[in-house]
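According to TrEMBL, the features are:
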- 33-54: transmembrane segment (TRANSMEM)
- 34-445: domain 'Ammonium transporter AmtB-like' (DOMAIN)
- 66-84: transmembrane segment (TRANSMEM)
- 124-143: transmembrane segment (TRANSMEM)
- 155-176: transmembrane segment (TRANSMEM)
- 188-208: transmembrane segment (TRANSMEM)
- 229-246: transmembrane segment (TRANSMEM)
- 258-279: transmembrane segment (TRANSMEM)
- 291-308: transmembrane segment (TRANSMEM)
- 314-333: transmembrane segment (TRANSMEM)
- 345-365: transmembrane segment (TRANSMEM)
- 395-416: transmembrane segment (TRANSMEM)
- 473-504: region 'Disordered' (REGION)
- 491-504: compositional bias 'Basic and acidic residues' (COMPBIAS)
Amino acid sequence: MSTYNFTGTPTGTGTGGDSLTTDLNTQFDLSNMAWVGVASAGVWIMVPGIGLLYSGLSRKKHALSLLWASLMAVSVVIFQWFFWGYSLAFSHNTKGNGFIGTLSNFGFRHVLGAPSSVTSLPDILFAVFQGMFAAVTGALMLGGACERARLFPMMVFLFLWMTIVYCPIACWTWNAEGWLAKLGALDYAGGGPVHIASGHGALMYALILGKRNDPIAKKGMPKYKPHSVTSVVLGTVFLWFGWQFFNPASAGNATIRAWYSAMSTNLAAASGGLTWMFIDYFRFGGKWTTVGLCSGIISGLVGITPAAGFVPVWSSVIIGVVTATGCNLATDLKTLFRIDDGMDVWALHGVGGCIGSVFTGIFAADYVNATAGSYIAPIEGGWINHHWKQVGYQLAAMCSTIAWSTVITAILLLALDRIPFLRLRLRPDEEELGTDQVEIGEFTYQEDTSYIPEPIRSNIGVNIPTNVRTIDDEIRTSEDISAPSSSSSSKDNDGRGEKVEAVV
């Protein structure tokens, strides 16, 4: 058994030194590395949580495709992150005055033991942690395509979207050389790169695909009940659990600041859940809706994400309440805009991320940031510290992220749709059969239909009576057309109110 004589000194650049002669671990606190490593696994569990949430909100014949999309997303994104994503976002040098990283770390070249953009962590660990953030973002964004997108073009689009949309925004925001970071914009854990980018990307995906086919409600927006509220609850549980790692570990260390942000995260989630539930109680039939509670919890989590490591704990209540209120109202705007965002990704993540970003500029406090101790990166604070410019910096970050994500996403989708084999949308007869049967050939639940070994293409339209339509196990008549959308209620046959579609 050989022994090593570690006499070398870490270089701090490239790989950090020769691992055969240098103990690269001496640069870092092992407890910090252990905490962030465990947190990376905790963030990963959010991806199947998104799949469960989206699957529960969908109709049964599309439910498996949304579970599939979450695992496809994490697989595509992790490969993209290794291929060039991490390098484009977090290389140690950037192009265009902090606009985009270089390809110096292409294929994880030299990604090993040098300090990363977060100097308390080595490149390889930071790459693992941030790769999970990228996977969550990609999975969220795909919600805009629910129930009508072809799956192979979705995979191609996701790889390109992560490269052209997500990586530049992550570089601007979190790379030490990024232009928004240098400007002074604050984003603790992903209000811009994760939520604003995914929400507005999903909005463009939904807009360009067009609304789902509904032979009855031809002029209005489709309105469907969630097929499994149980799956919605499980998805929310996975997301809230994962957020216990998503925000606190964004401190990059195991200091008091990390645990302070954990309390802020939970308090905002609780406040958001209660707020949304009470709003729906008074707006729609006096029912304590489960889907409304879940939607509010998620909106609160989104709102606190950019702020958690900067703001006092008490401000988390305000952020949770205002974000849940704003997101609840935003779910009504999709009807006004005539955009069929069935999972309401924009309403929760796009709008919620914007609200949280602005409140970061208002409530950011230097003394909260200083709980990082020796790991502190000083800030001037927000309005609470009489630093009035901070909200302006936040608005600049918010507007630039919205502009880049919407414009580039739209251009990318329109270009792909003009390539015949990358046609974005299912044909009407395929959509009627369901994505699970047409694109996957498997089903979420045991069906009378036997296993289909290959995806099928139906060229035969489905004859649907003008006044009655079968949707999964339910009969929907023309009387149901007036049923409200995701933030409103519909009536069962016995007159009880039930929540329709919530949103992530």
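Cβ coordinates come from backbone N, Cα and C, glycine included.
TrEMBL: automatically predicted annotations, no manual curation.
Small disclaimer: the values here were computed from a predicted structure and weren't measured.
When each of 124-143, 188-208, 395-416 is scored by its Cβ pairs under 8 Å to the transmembrane segment (155-176), the top-ranked stretch turns out to be 395-416.
Count of Cβ pairs under 8 Å against the transmembrane segment (188-208): among 66-84, 258-279, 291-308, the largest is for 291-308.
The recorded stretches the transmembrane segment (258-279) and the transmembrane segment (345-365) do not share 3+ CB pairs below 8 A when only pairs 6 or more apart in sequence are counted, and are therefore not in contact.
124-143 is the stretch from 124-143, 314-333, 345-365, 395-416 with the greatest number of Cβ pairs below 8 Å to the transmembrane segment (229-246). Counting Cβ pairs closer than 8 Å and at least 6 residues apart in sequence, the transmembrane segment (291-308) and the transmembrane segment (345-365) reach three or more and so form a contact.
Across all of the domain 'Ammonium transporter AmtB-like' (34-445), the predicted model scores a mean pLDDT of 96. Each of 66-84, 124-143, 395-416 was scored by its Cβ pairs under 8 Å to the transmembrane segment (345-365), and the highest score goes to 395-416.
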